[in-house]
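**Q** Following this message is one structure expressed as structure tokens.
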Amino acid sequence: MESKALLLLALAVWLQSLTASRGGVAAADQRRDFIDIESKFALRTPEDTAEDTCHLIPGVAESVATCHFNHSSKTFMVIHGWTVTGMYESWVPKLVAALYKREPDSNVIVVDWLSRAQQHYPVSAGYTKLVGQDVARFINWMEEEFNYPLDNVHLLGYSLGAHAAGIAGSLTNKKVNRITGLDPAGPNFEYAEAPSRLSPDDADFVDVLHTFTRGSPGRSIGIQKPVGHVDIYPNGGTFQPGCNIGEAIRVIAERGLGDVDQLVKCSHERSIHLFIDSLLNEENPSKAYRCSSKEAFEKGLCLSCRKNRCNNLGYEINKVRAKRSSKMYLKTRSQMPYKVFHYQVKIHFSGTESETHTNQAFEISLYGTVAESENIPFTLPEVSTNKTYSFLIYTEVDIGELLMLKLKWKSDSYFSWSDWWSSPGFAIQKIRVKAGETQKKVIFCSREKVSHLQKGKAPAVFVKCHDKSLNKKSG
């Protein structure tokens with residue numbers, strides 16, 4: 001009897017060891033399946049947003065528990081771009097911190113492909129395919145191993161990282177929820193086919209910020225063509241406020257040459273800071289407007305919110321999936337918070353004598369129930385008698401309900417005999433203003449029956465004579 005019990009005990013121990021060894025072999029096999037993945041996946045914490053202290057290792061389930069991955073929350077995967085130094089840029093911990101501030105229970109993973117990103121640009125651009133494959137295999141493993149829903153996954157890629165995110169999204173077993181492209185790189189990608197770059201098919205929703213598209217297609221730092229469901233071009237997508245040459249000279253004079261590299265990529269990196277702004281200032285999202293071109297936007301012709309023609313920039317964007325990519329525009333401030341308030345102004349210039357002037361400088365001042373914004377400069381390429389002109393202006397402060405405006409026609413910076421002999425002028429009865437953010441239209445009337453606007457003279461004053469509030473479905 002005793003020998004039988006010992007035999008059963010020995011059999012149990014043998015079976016247990018066999019099961020354990022098989023489990024170990026299976027785990028080892030799974031690790032080998034991912035041994036060629038070079039990218040690293042660091043789960044950063046709200047307490048330490050700057051350091052990669054814990055890595056999620058594909059094929060090693062214990063690493064997910066060790067890093068305290070939250071299986072019931074959203075996951076953000078931040079993918080950096082090309083690097084000269086081989087180190088993370090200063091924006092990475094800022095974005096991580098902003099994501100955790102907005103979504104405290106989320107997982108923020110930083111994808112480290114620094115060794116590949118530090119090569120000559122064409123080489124690093126080619127590596128985006130391998131990085132995308134690495135990210136896709138990691139995501140697929142998380143879904144298969146832990147049944148983690150891909151509807152909780154949001155990829156954020158900057159520059160080359162945006163295309164790596166797109167390639168990853170195209171290779172996952174199921175579509176991830178969202179990809180945000182932060183000024184996707186232009187060189188090597190402007191004319192690339194969709195499978196080799198970020199495209200609308202790579203996620204349930206793809207939104208893109210274009211902030212440095214200056215130059216000919218294929219040569220601009222950021223990609224020019226739309227590559228998402230919604231493509232937003234702040235300030236036309238070329239240069240960003242505060243990133244101009246004059247600003248560069250001023251900063252170099254104040255801080256020395258150490259910040260030159262920051263100024264070179266200032267507009268490119270602005271895409272990241274605009275997104276960070278949307279995370280931190282959720283109560284006041286910047287509004288972008290769909291438009292056929294930046295020239296039409298500059299004329300104020302696109303401040304409509306009908307049929308999804310306007311949208312929020314950044315995290316709280318409305319996920320509109322149109323058949324064609326939607327190009328949207330907005331103005332911003334030069335620093336955070338970036339939000340401004342857009343207005344379309346329409347003026348009819350009347351007169352008894354035919355006059356035409358080119359490149360005329362004006363100033364307009366707006367006065368509202370909350371604040372005022374004075375001496376806003378604008379230039380009209382042409383001003384002719386008995387013609388109506390539309391243009392865009394914006395204020396950096398919310399002035400509330402519009403009550404009054406002043407319009408001044410500025411003198412030329414050079415001496416003009418014709419202006420000295422007889423000051424040019426136009427008659428203006430009404431000025432129409434539409435506020436983009438509130439969608440309200442206001443008509444301003446001259447304090448007299450007609451205001452006579454003369455070049456270089458006192459501004460003409462107009463007060464609200466009629467307004468018409470419009471809801472979001474109106475024009």
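Just so it is clear, glycine is given a Cβ too, placed from its N, Cα and C backbone atoms.
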**Q** Of the ranges 93-117, 118-142, 143-167, 443-467, which one does Swiss-Prot flag as region 'Interaction with GPIHBP1'?
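**A** In Swiss-Prot, the region 'Interaction with GPIHBP1' feature sits at 443-467.
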**Q** Of all the disulfide-bonded residues given, namely Cys67, Cys266, Cys291, Cys302, Cys465, which is spatially nearest to Asp202 (Ca(2+) binding site) at the Cα level?
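**A** For Asp202 (Ca(2+) binding site), the closest Cα among Cys67, Cys266, Cys291, Cys302, Cys465 is found at Cys291.
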**Q** How many whole Å apart are the CA atoms of Cys305 (disulfide bond) and Cys291 (disulfide bond)?
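**A** Cα of Cys305 (disulfide bond) to Cα of Cys291 (disulfide bond) measures 11 Å after rounding.
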**Q** If we count other C-beta atoms within 10 Å, could you say which of the recorded positions Ala194, Cys291, Cys305, Cys310 has the fewest?
**A** Ala194
**Q** Could you check which of the disulfide-bonded residues (Cys266, Cys302, Cys310, Cys465) sits closest to Cys54 (disulfide bond), going Cα to Cα?
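**A** Of all the candidates listed, Cys266 is nearest in space.
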**Q** Looking at the recorded positions Ser159, Ser199, which sits with the largest number of other Cβ atoms within 10 Å of its Cβ?
**A** Ser159
**Q** Determine which residues of the same chain, besides Ala194, Arg197, Ser199, Asp202, have their CB within 8 A of the center of the CB atoms at the recorded Ca(2+) site, and list them by sequence.
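**A** Sorted by sequence, the hits are His163, Gly166, Ile167, Ser170, Pro195, Ser196, Leu198, Pro200, Asp201, Val227.
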**Q** For the region 'Interaction with GPIHBP1' (32-53), find every same-chain residue at least 6 residues outside the stretch whose CB is under 8 Å from a CB in it, and list them.
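**A** 59, 67-69, 77, 92-94, 96-97, 100, 104, 107-113, 115-116, 130-131, 134-135, 137-138, 141.
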**Q** Here are some disulfide-bonded residues: Cys243, Cys465. Which one has the most Cβ atoms within 10 Å of its Cβ?
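**A** When each Cβ's neighbours within 10 Å are tallied, Cys243 leads.
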